[in-house]
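A short write-up of the structure that comes next.
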Amino acid sequence: RMPVSVPAADRWQRASAAFSFSFLSLVFSITAFSSSYWCEGTRKVAKPFCTGQSKGDHCIRFNSPDANNSNAVQYIWETGDDKFIDQKFHAGIWYSCEEIVSEEGFLWLSIVAEILYIILLLTGAILMSVEMCYYSTVIDGLKINAFSAVVTALAGLLGMVAHMMYTTVFQMTVNLGPEDWRPHAWDYGWSYCLAWASFACCMAAAVTTINKYTKTILEFKHKRKMLERSLKTEYKFPDH
């Protein structure tokens, strides 16, 4: 009885490991998708017009004492880079989609791919939980195992495409975007790192699930050969 119970316990451990990776990937992806810290840094924004309470170099000054009079001729002293100030920013998929008009189509494709990635991750996690709690025949468990492996691997592919599309569009905006929006000093934030951590966990779940399926098939083949040998020995069947 020990040779039969140990593989069953080993299969359950591999299934629980795959479910844990899939659950972590789902949590990381939802957190990253709903946050706005994929990229952060500083950018130049146009200074507002100075009012009576405004002081310092953070607003545009007029040479006319009556700045509220629209009939008065007003000259702006700031020119070139003096008209801009450095402002900290952080951007996510949704925030960037509202700001970048020229690359909006690619960002919406990235959003759609990210949503499909989350849906497939959720489907794979549900299938893995059903497999862990499903106490019917082992063949049915293998079918669920194979389907969850395909769904999880497809989710990982979509996640990689979504993350790479966002990276490409953001870097294009940094190089070709308007002066009053594009970042001049930036780096990837914690949301971006969390999104790729989700992809890594997703691929780990897919590999673990495929490995579990392969090992179960090999165990069945080994047990079948052992059973055939025992039957030949017991009943003395001819080799042919």
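Glycine too: its Cβ is placed from the backbone N, Cα and C atoms.
As annotated by TrEMBL, transmembrane segment applies to 21-38 (among others). Nonlocal intrachain contacts for the transmembrane segment (21-38), taken as residues 6+ away from its ends with a CB within less than 8 angstroms of a stretch CB, comprise 90-96, 114-115, 117-118, 121-122, 124-125, 128, 152, 159, 166, 170, 188-192, 194-195, 197-199, 201-202, 204-205, 208.
Residues annotated as transmembrane segment in TrEMBL: 115-134 (among others).
Summarising the annotation, TrEMBL assigns transmembrane segment to 146-169 (among others).
Taken from TrEMBL, the feature transmembrane segment covers 189-214 (among others). Listed by sequence, the residues of this chain that lie at least six past the ends of the transmembrane segment (189-214) yet keep a Cβ under 8 A from its Cβ atoms are 11, 14-15, 17-19, 21-22, 24-26, 28-29, 31-33, 35-40, 90, 92, 121, 124, 128, 142, 145-146, 148-149, 152-153, 155-156, 159-160, 163.
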